[in-house]
Every structure is written in structure tokens, then in C-alpha cells.
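Listed in TrEMBL for this protein:
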BINDING   G10, A11, G12, K13, G14, T15, R127, T136, Y137, I199  ATP binding site
BINDING   T31, R36, L57, L58, V59, G85, F86, P87, R88, Q92, R160, R171  AMP binding site
BINDING   C130, C133, C150, C153  Zn(2+) binding site
DOMAIN    127-162  domain 'Adenylate kinase active site lid'
REGION    30-59  region 'NMP'
REGION    126-163  region 'LID'
Amino acid sequence: MKIIMLGAPGAGKGTQAKKIAEKYSIPHISTGDIFRANIKNGTELGQKAKTYMDQGLLVPDELVVDLVVDRVNQDDCVNGYVLDGFPRTIPQAEALDKALKELGQKIDYAINVEVPDENIVNRMSGRRACVDCGATYHIAYAPTSKEGICDKCGGGLILRDDDKPETVLKRLGVYHEQTQPLIDYYTEAGILKEVDGTIDINDVFAEIVKILGE
Ligand code: AP5
Ligand code: MG
Ligand code: ZN
């Protein structure tokens, strides 16, 4: 099962992609997480990506596409994967389609997690991420059992650099301009599925399971 998660920054793509990956035993591939891991490890890719990410801008397509195409060609992807944060532009979507076509494969579902802009800034200011394992929480909606400490690995929690309100607004603008056109793209491809992202995290997941099957 090959799945793409679509949605605005903070819509809950990562939250739902993790749950999908666990239930259906497929890898969760988040380009944002890959870039953040590269930044943390001080790689050249990380240094390049950071200058864009800190401004709320997209990393250029040429730095993203090959990375994802290589990743989906790895052995653990034979039974599928859930892509989170990719594609994000029409050229990225076209490049992915082309690469998959060469392998005789295609995406099965593009799931759009819908959340209005008004809800987003509030959501992002409460998000906390683990510095060690990248697990994501929310101070009100998905709290850890011990404040400031990751439930999964005991690591410390931080507010992401790009979650400051002014950067979130910039990311929302970039989303509407460059990523939202993908909704039409995947509607035309006949694989778009919409879920309401404003309801409780587990209820959103139940909607997704209805689409993907038990
Ligand atoms: P990326 O990391 O992908 O960020 P994003 O798309 O802006 O999305 P987020 O991770 O912020 O949100 P999410 O939808 O995953 O929400 P989450 O589940 O965490 O990308 C970061 C940057 O990297 C980009 O700006 C860009 O620069 C670069 N980049 C990455 N991929 C790229 C690409 N392909 N091309 C070019 N550049 C790229 O949830 C948010 C919060 O809400 C959490 O606290 C969560 O607990 C909470 N929450 C989730 N669901 C619910 C719910 N139903 N109710 C209440 N709270 C909820
Ligand atoms: Mg995410
Ligand atoms: Zn952790």
C-alpha cells in the first residue's frame, strides 16, 4: 500500500502517518524528519535545507526528489510506504509519478487531512518534538505522561524552530501557493481521499482506516 499524506503545516500528517505505519507495517517517510536529522548531524544537505526551513520556505525540488526516489527503492518499501511531506509541489509529484512508472508502480491513496488555517497557529504553538527520536506531542491534545520528557525514549522536548507564529504564517502561505494545487492533481488521478483533521486524533485515524481497510 503506497500512501501520500497531504495537508497544511500542522494538519496532523505526521501524527496520522505514524499510526498508519504502525498498523499496516510499512515505513513512515517524512522529508521534514529527514531534513531535521541531517541538520542535527551537521551534514551538507542539512546546512542547505536549514536556510530554507528557518524562513518557512520549501527546500528546492532538486534537493528533495532524488532523496525520496532513493528511499522508496530500499528493500523495506517493497510492501509500500506512507510519504509525509512529499510531494509538495507539482514538479515533485510529476517526478515521483515518473520514477514509479519506471518501476511499474503507482500511488494507491493520497489522503488530504483538512484543517482550516484558523486552527493551525494555535496547534503549532503547542506542539513539542523529542530532540532524540523525533516523536511529536501537543501540550493540550497529545501530552506526555511526564511534562517535558518523551514517553518513547526519555529525551527532552523542544518547540521546533519553524513553529514560531510568524514562520507558521509564512509556511501556510507557501502551502496554499505551492502545495494545495496537488489536491486537484490527485483528484484528477482519481486517488484523493479527504478526512476531517479537526476532530480528535483517534477519530481522524478511524476515518483513515475506513478508507484503507482493516
Ligand atoms: P514538515 O516537517 O513536513 O512540516 P509541515 O508540512 O509544515 O508539517 P508539520 O510537520 O509542521 O505538521 P504535520 O501535518 O506533520 O502535523 P503534526 O502531526 O506534527 O516540513 C518542514 C520544512 O521542511 C518545510 O517547511 C520545508 O522547508 C521542508 N520540506 C519538507 N519536505 C519538503 C519537500 N517535499 N519539499 C520541499 N521542502 C520540504 O501535528 C501538529 C500538532 O498538532 C502536534 O502537536 C500534534 O500533536 C497536534 N495534532 C495532530 N492532530 C491533531 C488533532 N486531530 N487534534 C488536535 N491536535 C492534533
Ligand atoms: Mg510533520
Ligand atoms: Zn523521544
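Glycine is treated like the rest: Cβ placed from N, Cα and C.
Sequence features annotated in TrEMBL and their locations in the structure.
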{"residue": "G10", "record": "ATP binding site", "CB count, 10 Å": "27"}
{"residue": "G14", "record": "ATP binding site", "CB count, 10 Å": "22"}
{"residue": "T31", "record": "AMP binding site", "CB count, 10 Å": "21"}
{"residue": "L57", "record": "AMP binding site", "CB count, 10 Å": "16"}
{"residue": "V59", "record": "AMP binding site", "CB count, 10 Å": "19"}
{"residue": "R127", "record": "ATP binding site", "CB count, 10 Å": "21"}
{"residue": "C130", "record": "Zn(2+) binding site", "CB count, 10 Å": "20"}
{"residue": "Y137", "record": "ATP binding site", "CB count, 10 Å": "20"}
{"residue": "C150", "record": "Zn(2+) binding site", "CB count, 10 Å": "21"}
{"residue": "R160", "record": "AMP binding site", "CB count, 10 Å": "16"}
Binding-site residues close to ligand 1 - of G10, G12, C150, C153, only those whose C-beta is under 6 Å away: G10, G12
Separation of alpha carbons, T31 (AMP binding site) and G14 (ATP binding site) (Å): 10
Coarse DSSP state, helix versus strand versus coil, of T31 (AMP binding site): helix
Collapsed DSSP category at Y137 (ATP binding site): strand
Tally of residues which DSSP labels helix, strand or coil - the region 'LID' (126-163): 3 helix, 12 strand, 23 coil
For G12 (ATP binding site), the number of other Cβ atoms found within 10 Å of its own Cβ: 26
